[in-house]
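Peer 1: Please see the structure below; I have some questions.
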Amino acid sequence: MSEGEVFHEKQRLELCAIHALNNVLQEQVFTKETADDICKRLAPQCVVNPHRSMLGTGNYDVNVIMAALQSRELAAVWWDKRRTVQSLCVDKVQGFILNVPSRVSLGIVSLPVKRRHWLAVRQVNGHYYNLDSKLKSPVCIGNEAGLRTFLSEVLSPDVAEMLLVVRRDVEEYGTWLNSDDLRK
């Protein structure tokens with residue numbers, strides 16, 4: 001990846017979890033095949049795997065994302081939305097994976113149905129980017145203040161969730177939170 005270039009996988013099938021993982025890592029690490037292998041490891045005895053779509057088109061759950069990150073010596077920390085995003089120590093977070101409601105489209109036709117969708121946010125070259133695979137290209141969020149505003153807005157609906165992508169030691173010691181918030 002050259003300086004100034006932002007890696008961005010675009011949506012294909014129901015592979016948003018894979019796209020979010022690769023976008024947050026800023027390289028193509030995971031494929032449908034690697035995600036399917038993770039699903040098999042998570043539920044080896046199941047004929048119908050509970051961690052992906054029955055149709056085999058993706059739609060992977062949070063367990064696949066967490067296992068994929070663990071294979072890269074990273075961790076996913078579930079964000080408790082009772083906390084304010086101001087309590088985040090963003091310097092310790094490598095990226096964000098969000099699960100949000102998203103409209104279903106068939107080509108150019110948008111259906112009045114919403115499903116769950118994974119998307120990534122990451123800092124690249126000093127700027128934070130929305131790396132949603134449904135976007136034509138990455139959208140620059142800006143600096144840390146812009147990131148906090150973006151995350152607050154995305155997390156405001158009750159159904160939106162966020163995972164912090166951190167190193168394992170950051171997860172273990174809880175340093176993804178500002179030190180003032182650790183005491184609460």
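Cβ coordinates come from backbone N, Cα and C, glycine included.
Those TrEMBL annotations? Automatic predictions, nothing curated.
Checked TrEMBL, it gives:
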ACT_SITE  Cys16  active site
ACT_SITE  His117  active site
ACT_SITE  Asp132  active site
DOMAIN    3-180  domain 'Josephin'
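Would you situate these features in the structure and describe their surroundings?
Peer 2: Its Cβ taken as reference, Cys16 (active site) is surrounded by 27 other Cβ atoms within 10 Å in the chains shown.
All chains included, 22 other C-beta atoms sit within 10 angstroms of the C-beta of His117 (active site).
In the structure as shown, the Cβ atom of Asp132 (active site) sits within 10 Å of 23 other Cβ atoms.
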Peer 1: How does the model score the domain 'Josephin' (3-180) in terms of mean pLDDT?
Peer 2: 86
Peer 1: Taking the Cα atoms as reference points, how far is Cys16 (active site) from His117 (active site) in Å?
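Peer 2: Approximately 6 Å lies between the Cα of Cys16 (active site) and that of His117 (active site).
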